[in-house]
DNA sequence: AATGACGTTTTTTTT
DNA sequence: AAACGTCATT
């Protein structure tokens, strides 16, 4: 596709920016490139601005890729374009959250619950969350849901109830009441979960579109959707669920152009609510739909394409759109490229796979038509499983042969010896294990750099377990205790025993543990200390092991050259020259139906949900999954099966048998052809690097701290005043936004503004009051000094994004852009703590803001101000300096190179730097020591 | 038709 | 910090 020649249907899809479009894109059809071209075509029209376009993707990763492609097409076809950051390319969740936090002031302060924090919240407040008031019907008997045990099912029930098309008259009253009390709890604790951010956004859009008595911000949103949203594009449309479809309908309500892209044969998330009928009946539901089929497969050899086609044909023609998939790539099929093999047991199977991976090394492979062949390497091979739990034999064999691999989708963090050592810290504190047990665990993990420090560690733990020493619950901060424990041991990257690789791996694990603490403490921060630590240990023992994935080398920006072991689900959208699909055993793939309590029918009756049966899954869903697996292969495809020991594990899967019946497949291995081997060279993929303002600040300050925080995942302890700065920010944002809408707030609203925006969930009552008073004073002061300028607001909270170099972008928000009485334009950044910072860094930050404004508007700002909201704080007002701006580009680009090279050196003398309190114990002690 | 062993997935979504 | 449905076997 580098030559940028398109097929007739691709051309049609790119050119038609006016019809309601339905693109049926088969596997490997170059859909992302087509979308990028189409978006560029849209932007090239007179009168169209980037802000008129919304493109939804399924994942953040897909969004980053599409964004990068759009930018590169725009650069080459239109040249410089401004305001590209105004175009939304991202997930629907991201869009909804953004919408709420831009237009609904009451929600500015809301935080977002992840799966884990949501589960923790539901369990902690098991009654108020509706968990234990909800019941399940098992064989006609109604029993209440149980704390911890049924939480998972309850969470799914909550999302089905809210995201699907539900007939509530068929839902039992207790279930509806539980949902109500969960929603109240979320509201009370000021949280969104992944469901409520969608539901609330759709509700809000609906109200704005149907009612007349609107507030100023509601009017702004209505006008925005009516006048600004002109093109809506939805990728992976086959995986859209009912609430997402409702969102799309709302956005095109005033006639915006809609283009959906998908392949019904690749619907693999039905168990999560994906509704295939959205794509199948699309042409009936929208008027004047033009359907274009992107049938050419540019990815795979003829053999793979033909096999894929026959797999898809196993589906009932009534449940799929009739379509073709045509071989159109340069990959040639040779007899023996596709094998279906049977082995005596799983070990033989694993041995063969490992051997074939070795044999493939250096095999010539051509990535693109006309390109020079390269030798295949580890990362060109993938082993795909229905469930990655079946991967043990393959994993062992690859380890044995020292073949590098990364495994995705296995929650194994808590199997690691390092993590068990960390868990031990808290088990010791709670008296569950003895000091010598603890010592044994740390010895097992080979993690004690200096045995003389052991007594220090014990002292820290004993002190931490003394719950009588203070009445302030905030004293018993788990994260701080963890960091203190590591410090007591003297455990830092430089002191971890072993080589550099092991040191890095251990730091990743310890960082992940820090993340687990943050998750727990976000919910349990204000519990009585002894009960909190007790609950934490239970969390570590029972819940956490099933949740956290082991960190691998994939965590950073550096792509390792390693064999990929993955589930089929995670492989969607990816491709490899060689794909293995082992373990094709009856009952595994296709996976046999599941027992146990299910949301449908045990909590919600099947007939209460439109097409509720889809959550159960069936043979069609498994077939589509197998179709996805097969079509990942570019050339070599090896499916295999081996019987297991136990009964019921002896038979081959019907998918395996299907493959053996294909004339493109061989059922015996005749060896690879005698091609001359080349030097194995992994496909070079420069990862896109997207950094936010705040991350950049850390990078400039101290690259090693950046690595600790954002790559290893270490989190600072929760501060009790957390939320104060954000509250001020949000109050100011509302003031400026209302001013923009012509609804200028007056100084007597200060108190109300603070009430609405200040949320300090971790503060004890006295602190909370104190923060409240301080906030009201700060807002009063702002009205006093700047109230008259409110009408001069140009933008509030403006999202900006700067492409520094190809593949490197920096994004963030500018607090305020306003015009001055002097007729100059100023960029304003609010500061709310008097924390002193390196003068240099602040100037860098200012330069980024200036750059961002230029990118946004095409014009340059005149002044940059830092406005300190504190009473005594220092503010600044500087000119925009062109030489500074040129310098910053250079600086960011070099920082990006460091990220790509995994090079995060710290030049600081941390002992002299107050800003690094939190993680100072993990900083290298040697670095910068020579500095005065 | 009744019994008992067996296994119990998949995973995205925010700063 | 459990109990259920499914499937193979009899």
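Each Cβ is built from the backbone N, Cα and C atoms, and glycine gets one as well.
Quick look at what TrEMBL lists:
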BINDING   A:25, A:26, A:27, A:28, A:29, A:30, A:31, A:32  ATP binding site
DOMAIN    A:4-301  domain 'UvrD-like helicase ATP-binding'
DOMAIN    A:305-573  domain 'UvrD-like helicase C-terminal'
CB-centroid shell, 8 A cutoff, ATP site A:25, A:26, A:27, A:28, A:29, A:30, A:31, A:32, site residues removed:
A:34, A:263, A:294, A:297, A:298, A:299
Of these binding-site residues, A:28, A:30, which scores lowest on Cβ atoms within 10 Å?
A:30
Rank the binding-site residues A:29, A:32 by the number of other Cβ atoms within 10 Å of each Cβ and report the first-ranked residue.
A:29
Can you check what DSSP calls residue A:26 (ATP binding site), collapsed to helix, strand or coil?
coil
